[in-house]
Amino acid sequence: KGSRPSDPHLTGANQDRVVLGLDSAGKTSLLYRLKLKEFVKTIPTKGFNTEKIKVTVGTSRAINFQVWDVGGQEKLRPLWKSYTRRTDGIVFVVDSTELERMEEAKVELHKITRTSENQGVPVLILANKQDQDSALSVTEVEKMLAIHELTMYTLHHIQGCSAVDGQGLQSGLEKLYEMILKKKKMLGTGNKCYTDMT
């Protein structure tokens, strides 16, 4: 655990990520699957967890991700924007088995991407718990979250994954890395027309 730095914007081979999503979506389990390479049963996050994670992108390049996992209980959600300020990318985790909470997840996803501070911040949506038989497909989750309605300035990608066996996490993070580089390149050229990376 640690405190959110006043200027968390990391460049080069270091990048800043914030992991958001409803309570019980599996955010902390995903964080520690990435960190420890194993499934860890967790308790609800009351504030936040933070870990530095090294991820190999492509064939050789190692990228350091400083990952902030923020609690998803309703009373904690107003604090999300404090963690997304100046972040390089947002990871939004959804429990693919919870059909009855998809509308709630959709509202929170669209709310966080439309705040002024997050305009244009790339978003990776992780449809977690794909290892379970009751999980909705990635296509179904994409439709229920109305991903196509995200603003034209928001680069985004949806990826099926599982904190239990790690499936989908590597490819999802690589996609997020690509989107962050694309955004920085566009900002450098002054091009404001972002497209979807799905």
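Any Cβ shown, glycine's included, is placed from N, Cα and C.
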- Task: According to TrEMBL, Gly21, Leu22, Asp23, Ser24, Ala25, Gly26, Lys27, Thr28, Asn128, Lys129, Gln130, Asp131 bind GTP; identify which of Gly71, Gly72 is listed for that same site.
- Result: Gly72
- Where Gly21 (GTP binding site) sits in the secondary structure, as DSSP reduces it to three classes: strand
- Sort out for me which one of Lys27, Lys129 has the most neighbouring CB atoms within 10 A, since those are the binding-site residues we care about. Lys27
- Task: Look at the binding-site residues Gly21, Gly72 and tell me which residue has the greatest number of other C-beta atoms within 10 angstroms of its C-beta.
- Result: Gly21
- Nearest-integer angstrom distance between the alpha carbons (Cα) of Thr45 (Mg(2+) binding site) and Gly72 (GTP binding site): 8
- Query: Given Asp131 (GTP binding site) and Thr28 (Mg(2+) binding site), what distance in Å do their CA atoms have, once rounded to a whole number?
  - Reply: 17
